[in-house]
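**Student:** Quick paste of what TrEMBL says about this protein:
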- 32-55: transmembrane segment (TRANSMEM)
- 76-97: transmembrane segment (TRANSMEM)
- 117-138: transmembrane segment (TRANSMEM)
- 150-170: transmembrane segment (TRANSMEM)
- 176-197: transmembrane segment (TRANSMEM)
- 218-238: transmembrane segment (TRANSMEM)
- 244-264: transmembrane segment (TRANSMEM)
- 285-303: transmembrane segment (TRANSMEM)
Amino acid sequence: MLACTISKVCRLLVSPELVSIRYGIKRSEIGIIIQGVLLGLLIFSAVFKFVIHLWEYFCRADNSESRKNKEIRRSLIFFASLGFTMIVVAPSWMMIVLDFDVHPILWIFHFVLSEPLKRLSLCIYWLGLIYASVLRFYNISKNSKIERILLRKYYHLLAVSMFLPALIYQPKFLDLAFGAALAVFLVLEIIRVWRIWPLGQLVHQFMSAFTDHRDSDILIVSHFSLLLGCALPIWMSSGFNDRPLIPFAGILSLGIGDTMASMVGHKYGVLRWSKTGKKTIEGTAAGIVSVLAACSVLLPLLASTRYIPTQ
């Protein structure tokens, strides 16, 4: 996206041929939308930080305004600028730089409604799973003594139940859904870090229930790791059909292999790989065997659904 932008604005610095299809850059509509939205959000976060610093600098002298009013005003600035970025700036960027034929938001509606029964049913299925799992796991995290490392693995199993059917029957829609989910995660993380009223504190309390030592004091990246781990093999394997299990690599390794390795290693692991580490040989063996078993079941399933010859 950045290379195409520079090529469009400064043709002397970057030749248009370097970002052409001949050199392997595929400009699918879904890829353009994902790149534009994510890059727009990253730029928005930096611009919003600059605007907030300026606003606080000029309003520092006004001490009569209550803290609640300041939070509400900052929240209004945030959501107004976020809406303007997502509805006007990012779509205009896509349409100008990459010659998008129609407004991206209209294209998304047309794409979803082109197969309404399948895609809307899949969205309802996802929302139902997310709602049930979030309520269940959040209550467990507050009231149970189960270690967080194991509690987080339930979300890995949730990813399998959500993404595996979609990847088999609706792979293009799953591409778009991954981009939308990543954008939502970015927005929620910005809201959490900046404590944007009224959601900032609620999001922080919920996310903190699933953190461990691998998350920093500022950023929580575990959910990004899980989502990108499942999405990147799918995005990067686009156009390759010689190995049908490549798109499933992230789902199998994170959702099944990593989960089984942690659970078996935590409960039955005795032989450790090193004196200082926590990884066990039993857990590693369980992870390998579970992935191989899943592959042996998945291949006949893909053949029966005609996924292998059509993809």
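Each position is counted from 1, following the chain as shown.
Placement of Cβ uses the backbone N, Cα and C atoms for every residue, glycine included.
What TrEMBL says about a protein is an automatic prediction, not a curated fact.
Note that this is a predicted model, so its numbers are computed, not measured.
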**Student:** Which one, 117-138, 150-170, 176-197, 285-303, has the most C-beta pairs under 8 Å toward the transmembrane segment (76-97)?
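**Tutor:** Comparing 117-138, 150-170, 176-197, 285-303: 176-197 has the most Cβ pairs near the transmembrane segment (76-97).
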**Student:** Cβ under 8 Å to the transmembrane segment (32-55), counting only same-chain residues 6 or more beyond its ends: which ones?
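**Tutor:** Residues 1-2, 74, 77-78, 81-82, 85-86, 89-91, 93-94, 98, 100, 104, 107-108, 175-176, 178-179, 182-183, 186-187, 190, 194 contact the transmembrane segment (32-55) from elsewhere in the chain.
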**Student:** Would you mind listing the long-range same-chain contacts of the transmembrane segment (117-138), meaning Cβ under 8 Å and 6+ residues beyond its ends?
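**Tutor:** For the transmembrane segment (117-138), the far contacts come to 151, 154-155, 158, 161-162, 165-166, 169-170, 173, 177, 206, 209-210.
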